[in-house]
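Encoded as structure tokens, the structure appears first; notes follow it.
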Amino acid sequence: MAYPFELGFQDATSPIMEELLHFHDHTLMIVFLISSLVLYIISLMLTTKLTHTSTMDAQEVETIWTILPAIILILIALPSLRILYMMDEINDPSLTVKTMGHQWYWSYEYTDYEDLNFDSYMIPTSDLSPGELRLLEVDNRVVLPMELPIRMLISSEDVLHSWAIPSLGLKTDAIPGRLNQATLTSTRPGLYYGQCSEICGSNHSFMPIVLELVPLKHFENWSSSML
């Protein structure tokens with residue numbers, strides 16, 4: 001989860017988020033090199049008295065500043081497209097969970113189980129126990145097995161919402177009348193927090209998401225107790 005004064009991303013907990021962090025570092029390096037080059041050229045222009053007022057044509061320079069940006073864009077686009085295809089790929093999910101957004105709470109349905117569904121509301125600040133997080137705790141957590149591919153089907157009952165878990169690299173819009181899907185795989189157990197990431201009304205800030213990733217055996221025990 002995020003901490004006060006945090007400068008970087010949250011710790012990656014899924015293969016997709018690991019790829020996104022690598023892509024961020026790759027792109028940031030390219031941006032840093034371009035910015036350094038531009039600042040260097042500007043500093044030279046400000047400190048030298050030499051000018052080329054008689055230059056009418058420079059084919060070599062025009063060729064360089066046409067080809068070089070094209071190469072840079074390709075270096076950014078190729079890894080980006082690779083990650084996009086990885087995020088859309090869903091191979092034989094072990095579990096499917098249907099998520100519906102409401103004003104202002106989430107409801108979940110485990111489609112592989114009969115009558116396993118519940119609503120998830122934010123716990124008011126006045127009801128929090130010591131150590132619990134303000135505006136992030138819910139009365140019913142989404143319990144999922146770790147290290148298994150899980151498909152999330154996401155939609156909305158009323159207005160636009162967005163289901164987002166930053167540490168898993170997930171953000172999928174919940175659109176009325178449309179069923180979007182995303183896949184997640186957690187590499188380690190724990191609690192993972194998210195929030196609605198689409199302004200949806202006066203209580204938009206009060207729609208937290210809490211995933212509890214546990215070993216498969218613990219998940220089976222939990223699902224049996226819920227039925």
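The first residue you see is number 1, and the count goes up from there.
Glycine residues also receive a Cβ, built from the backbone N, Cα and C atoms like all the rest.
Annotation source Swiss-Prot lists topological domain 'Mitochondrial intermembrane' at 1-14, 88-227. Sequence annotations record features per position, and here Swiss-Prot assigns transmembrane segment to 15-45, 60-87 based on similarity to another entry. Among the features that Swiss-Prot reports, topological domain 'Mitochondrial matrix' is placed at 46-59, with the record citing similarity to another entry. What Swiss-Prot lists as Cu cation A1 binding site is HIS161, CYS196, CYS200, MET207. Residues or ranges marked as Cu cation A2 binding site in Swiss-Prot (evidence: similarity to another entry): CYS196, GLU198, CYS200, HIS204. If you look up Swiss-Prot, you'll see GLU198 marked as Mg(2+) binding site.
Where Swiss-Prot records a feature, it is marked here on the structure.
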residue : record                    : DSSP class
HIS161  : Cu cation A1 binding site : strand
CYS196  : Cu cation A1 binding site : strand
HIS204  : Cu cation A2 binding site : helix
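Residue counts for the topological domain 'Mitochondrial intermembrane' (1-14) by DSSP state, with H, G and I taken as helix and E and B as strand, are 0 helix, 0 strand, 14 coil. Outside the transmembrane segment (15-45), and at least 6 residues removed from its termini, the chain residues within Cβ reach (under 8 Å) are 9, 72, 75-76, 79-80, 82-83, 86-87, 167-170, 184-185, 187.
Within its own chain, the transmembrane segment (60-87) is flanked in space by residues 15-16, 19-20, 22-23, 26-27, 30, 34, 169, 182-183, which lie at least six positions past its ends and keep a Cβ under 8 Å from the stretch.
Through the fold, the topological domain 'Mitochondrial intermembrane' (1-14) approaches residues 20-21, 24, 133, 136, 166-170, 184-188, 190-193, 213 of its own chain, all at least 6 residues removed from its boundaries and within a Cβ separation under 8 Å.
Within the same chain, the residues at least 6 positions away from MET207 (Cu cation A1 binding site) whose Cβ sits under 8 Å from its Cβ are GLY101, TRP104, TYR105, TRP106, MET122, HIS161, GLN195, CYS196, CYS200, listed in sequence order. In sequence order, LEU160, HIS161, SER162, ASP173, ALA174, HIS204 are the residues of the chain that are 6 or more apart from GLU198 (Cu cation A2 binding site) and have a CB within less than 8 Å of its CB.
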